[in-house]
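Feature annotations, courtesy of TrEMBL:
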DOMAIN    B:3-147  domain 'Aspartate/ornithine carbamoyltransferase carbamoyl-P binding'
BINDING   B:Arg55, B:Thr56, B:Arg105, B:His135, B:Gln138, B:Gly271, B:Pro272  carbamoyl phosphate binding site
BINDING   B:Lys83, B:Arg176, B:Arg230  L-aspartate binding site
DOMAIN    B:163-309  domain 'Aspartate/ornithine carbamoyltransferase Asp/Orn-binding'
Amino acid sequence: MSKILIRGAKVLGGEAQDVLIDGETIAEVGQNLSAEGATVIEAEGQVLLPGLVDLHTHLREPGREDSETVLTGTRAAASGGYTAVFAMANTFPVADTAGVVEQVWRLGKESGYCDVQPIGAVTVGLEGKQLSELGAMHDSAARVTVFSDDGKCVDDAVIMRRALEYVKAFGGVVAQHAQEPRLTEGAQMNEGVVSAELGLGGWPAVAEESIIARDVLLAEHVGSRVHICHLSTAGSVEIVRWAKSRGIDVTAEVTPHHLLLTDELVRSYNAVYKVNPPLRTERDVMALREALADGTIDIVATDHAPHPHEDKDCEWAAAAMGMVGLETALSVVQQTMVETGLLDWAGIAERMSFAPARIGGLDNHGRPVSAGEPANLTLVDTSYRGVVDPAHFASRSRNTPYEGRELPGRVTHTFLRGRATVVDGKLA
Amino acid sequence: MKRHLISAADLTRDDAVLILDTAEEMARVADRPIKKLPTLRGLTVVNLFFEDSTRTRISFEAAAKRLSADVINFSAKGSSVSKGESLKDTALTLEAMGADAVVIRHHASGAPYRLATSGWIDSAVVNAGDGTHEHPTQALLDAFTMRRRLVGRDAGLGKDLNGRRITIVGDVLHSRVARSNVQLLHTLGAEVTVVAPPTLVPIGVESWPCEVSYSLDDVLPKSDAVMMLRVQRERMNAAFFPTEREYSRRYGLDGDRMAKMPEHAIVMHPGPMNRGMEITAEVADSDRCTAVEQVANGVSTRMAVLYLLLGGSEPAVTTTSTPRIEESK
Ligand SMILES: [Zn+2]
């Protein structure tokens with residue numbers, strides 16, 4: 001395999017260095033490395049990050065290939081600087097057996113753009129009643145360690161307790177979509193001032209917070225770790241902060257859209273802003289940013305949720321919930337966290353690569369940019385400014401809330417085990 | 001005035017007073033032997049109803065016909081959310097048929113807004129009730145009724161409802177009538193109080209331009225008009241209140257309670273009434289109750305809205321009124 005020399009990039013936003021890739025690994029990191037026999041990428045001024053890892057992606061295959069496939073989704077991931085994504089289990093059929101997770105895992109291998117680590121459903125059919133064969137999924141070729149009924153909450157306290165306990169046997173973790181179902185029947189948007197005016201069914205913060213409070217206490221009681229998906233409220237932040245201070249083994253994620261957008265946007269009744277959990281208030285957004293900065297929230301995860309145009313181009317109540325996010329995540333995080341001074345690029349590397357790989361148990365992703373490590377890398381032109389045009393997305397779906405919005409930063413190159421999946425901002 | 005009527009909040013005080021004044025002119029036409037004006041001749045008004053509401057539909061239909069518009073009734077009940085014809089496709093169909101105004105009733109909050117702003121259609125859009133969001137023409141006809149009763153038919157012309165104390169009672173949470181009324185009455189200078197059990201007041205109500213009370217008895221003596229909202233019996237199944245009896249005991253209007261209102265005060269109801277639930281027969285049939293009047297006023301008010309959206313600047317009622325052609329079509 002050929003050599004690639006990335007010249008003069010600021011590694012994790014620090015000092016400019018050269019990085020030499022040889023085959024699948026990083027051969028050398030230093031000053032003035034020899035370019036002999038290597039393809040040279042001039043990267044002065046750009047930031048080099050470990051390949052991004054997304055703990056929360058909906059790839060939709062099998063079952064909803066009209067919105068996304070493993071191939072189109074991993075192309076979108078590579079475009080966004082990701083080298084590994086965790087594929088959520090709410091497919092058709094549900095990824096609740098070894099057979100389905102192995103299918104998704106194989107499709108990921110074939111795509112070649114990004115590693116795909118399937119997530120297994122906690123309960124059969126996501127119905128919250130009977131545990132899936134969690135051990136069989138772990139023992140399969142897909143080596144599942146993250147389990148989630150995402151899209152639905154494991155609302156039965158006993159089922160949740162058992163799942164938390166059971167996966168300890170093989171180092172698994174349950175990722176909870178925290179949504180008390182009775183409190184959110186008919187919910188259409190955040191419950192508050194805006195929902196009162198618009199006459200849309202409210203999704204109250206307490207429906208998320210009560211489940212998180214219960215689950216951190218359950219995790220403490222049974223000595224398990226628990227991961228909280230897409231935290232969206234200031235109250236949830238307080239609960240997780242309290243749980244961590246108490247030594248409870250909890251990790252939490254926030255989506256890019258919850259770091260930037262608020263429920264004021266729903267006044268347009270434009271369903272691109274319809275998402276679950278819903279966009280919250282400015283106060284929540286600020287609390288989430290602060291929590292991501294101080295480590296209360298461990299990671300950014302996209303909750304990339306593709307939907308075909310017709311499922312969004314309709315009245316609000318009839319529209320599907322979710323937004324695509326893989327191709328805009330890093331830009332939104334740059335705007336909300338880096339340009340606000342809340343995090344530096346090393347902090348971004350921690351929250352978008354190191355920590356998600358650690359939580360999800362991926363050994364070959366989220367590694368330091370140093371000699372001997374797998375060459376999973378993302379090069380970012382942070383000085384770039386551009387307007388989001390969904391027509392250029394690699395994803396099969398276009399349901400982005402950022403259309404027409406100017407965002408900073410652009411992924412110029414992505415390397416998956418030494419092979420460029422993105423070159424000069426285009427898929428290779 | 002704007003091109004569409006989606007929310008009562010879209011109306012300025014002057015817009016609203018103009019509509020009420022125009023409605024008075026329209027009401028005079030209703031007293032003539034020939035109740036028709038040629039004003040909207042050649043224009044097409046589509047009543048697009050995704051939700052059954054015979055009362056509202058025939059009110060708009062009568063209004064459009066009295067202005068000589070062609071009326072098409074398009075009932076699309078239930079076809080949108082299922083994988084039938086979407087709101088968008090329906091809109092494109094109406095556009096192709098050359099609708100000048102679309103009067104839309106929809107079970108989804110925001111559907112009229114989407115129809116007006118998504119570029120699917122060119123015509124004027126009138127919200128005839130969307131989900132639990134708004135019902136602006138109901139608020140206008142209510143304001144019209146209040147102005148007539150509390151200020152006077154002729155004395156009211158050019159005037160708003162400054163300083164009048166209006167109480168809205170019932171299922172505020174699920175009521176588009178309440179939302180539109182609070183907005184419009186505030187715009188017209190009235191002091192609005194909503195009264196309901198706390199379960200039927202929306203979280204976030206603090207941003208509304210009104211007071212909130214949980215006690216009907218406290219508010220009644222300080223009310224110039226009391227508007228009773230329809231309360232669906234099924235709400236008790238979702239624990240919004242324990243029983244029908246308890247609801248009517250605490251929030252229903254009966255003769256004893258009506259006696260606590262000032263003598264000039266009126267009782268309003270958008271209909272259809274649940275007699276025995278939010279209102280007793282004694283109150284409903286008393287001459288203080290304006291429910292029937294509201295229906296008649298609905299036609300005049302909707303004539304005014306259609307006229308102002310489609311007819312434009314000329315006086316509505318003249319002896320030599322000429323048919324108007326919409327240029328954008
Ligand atoms: Zn979720």
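The backbone N, Cα and C atoms fix where each Cβ goes, and this holds for glycine too.
Just so you know, TrEMBL annotations are computer predictions that nobody has curated.
Features recorded in TrEMBL, as mapped to the structure shown.
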{"residue": "B:Arg55", "record": "carbamoyl phosphate binding site", "DSSP (3 states)": "helix"}
{"residue": "B:Arg105", "record": "carbamoyl phosphate binding site", "DSSP (3 states)": "strand"}
{"residue": "B:His135", "record": "carbamoyl phosphate binding site", "DSSP (3 states)": "coil"}
{"residue": "B:Arg176", "record": "L-aspartate binding site", "DSSP (3 states)": "helix"}
{"residue": "B:Arg230", "record": "L-aspartate binding site", "DSSP (3 states)": "coil"}
{"residue": "B:Gly271", "record": "carbamoyl phosphate binding site", "DSSP (3 states)": "coil"}
Binding-site residues listed as B:Arg55, B:Arg176, least Cβ neighbours within 10 Å: B:Arg55
Cβ-centroid neighbourhood (8 Å) of the carbamoyl phosphate site, B:Arg55, B:Thr56, B:Arg105, B:His135, B:Gln138, B:Gly271, B:Pro272 excluded: B:Ser53, B:Ser59, B:Ala128, B:Gly129, B:Val177, B:Pro270
Mean per-residue pLDDT computed across the domain 'Aspartate/ornithine carbamoyltransferase Asp/Orn-binding' (B:163-309): 96
Tally of DSSP helical, extended and coil residues in the domain 'Aspartate/ornithine carbamoyltransferase Asp/Orn-binding' (B:163-309): 66 helix, 24 strand, 57 coil
Rounded Cα-Cα span from B:Arg176 (L-aspartate binding site) to B:His135 (carbamoyl phosphate binding site), Å: 5
Binding-site residues compared (B:Arg105, B:His135, B:Arg230) - the one with the fewest other Cβ atoms within 10 Å: B:Arg230
Binding-site residues: B:Thr56, B:Gln138 - member with fewest neighbouring CB atoms within 10 Å: B:Thr56
Of B:Thr56, B:Arg105, B:Gln138, B:Gly271, B:Pro272, i.e. the binding-site residues, those within 10 Å of B:Arg230 (L-aspartate binding site) when Cα atoms are compared: B:Gly271, B:Pro272
Sparsest Cβ surroundings (other CB atoms within 10 Å) among the binding-site residues B:Gly271, B:Pro272: B:Pro272
Residue distribution over DSSP helix, strand and coil in the domain 'Aspartate/ornithine carbamoyltransferase carbamoyl-P binding' (B:3-147): 63 helix, 27 strand, 55 coil
